[in-house]
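Right, one structure below, let's go through it.
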Amino acid sequence: MNKDGTVVLMNELASYASDPSKTRGRRHSEPPPENRTEFQRDRDRIIHSNAFRRLEYKTQVFVNHEGDLFRTRLTHSLEVAQIARTLARSLRVSEDLTEAIALAHDLGHTPFGHAGQDELNACMRELAPQAGGFEHNLQSLRVVDELEERYAEFNGLNLCFETREGILKHCSATHARQLGAVGERFLDRTQPSLEAQLANLADEVAYNNHDVDDGLRSGLITLEQLQEVGIFARHYAEVARRYPQLAPRRATSETIRRMINTLIVDLTATSLARIRDHAPASADDVRRAPPLAGFSAAVRREADELKKFLFDNLYRHYRVVRMTTKVQRIVRELFQAFLGDPRLLPPDYRREQPQDQARAISDYIAGMTDRYAIREHRRLFEMG
């Protein structure tokens, strides 16, 4: 916002922003784009990828076929990208890079959400320990580096270093050493770009608040229970006072809208204050500083309270636990079947070496949608 109160419509990059003209490059050399920046090209490649389209049929919390209005990984990624762009514009960093990271952050997610990821990781560690485990964050990087097959001259999407690094929210030292330059910050304990920090926090804002919406729609949590959560109770009371005749469904939507706005406004103000305190003059200064993007202490407590409420009351609800048990069995039985007899796999996923075969199986399962995994399981284990 300008001094006269008008909203900034064009984002003039700050000195501490990631500059697309100064990118650290791509894994494979390419001519520069003619009518886009390097980060815009990354964003566009992500949107046009097969992995991005498959997110439409992958779970956020509820299995994909359970309801048309529940969020999927695709709708979640779009919501994260919208919040991330808003934050990037306010802090005068690259909207395109922030958006690209936000859109790509879940490309490596398995079917069935975190339940599928946890079970696939357990299978890899128990049944193929020589191959290493499975982590969706690393898988997202693997998707954009190796697994996408769209271009004649290289595997993957050949994204910029800054986008690839931003996709990695966390990484063990062992994996970081294997990844080379993109994993260096996990070894020298420096920070990612401000764009990556904002995309990460936008993810948190989106899933916490939108899981409240989906939880209420499903009937697994209630308005009465949410009165125990400070940030929800405060905004819901404000909405009830101002709009006493409003139907509960619309009052809830208005409450969630206000909660998201509270988090974005606080995150923006707190991050700008940290930037003023540390005065980074370049993107490299951002890396050497403490985390510059974040919530105030008070709002962080409220966000953590909401997160704990969702964990205790939604993610551990008995109906969710029942579905978790079912989908974990599907993932495990698929993995065991393919590992026991690789001839069951499509030819492109068969490998000579055992550790390579296990990784190819995890790639195959991780790339499945919820519906495809269920159908594949039926084809293998049901008669008819």
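Backbone N, Cα and C define each Cβ position, glycine as well.
Here's what Swiss-Prot has on this protein:
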REGION    12-39  region 'Disordered'
COMPBIAS  28-39  compositional bias 'Basic and acidic residues'
DOMAIN    73-208  domain 'HD'
For the domain 'HD' (73-208), residues assigned helix / strand / coil by DSSP
97 helix, 1 strand, 38 coil
What average pLDDT does the predicted model assign to the domain 'HD' (73-208)?
95
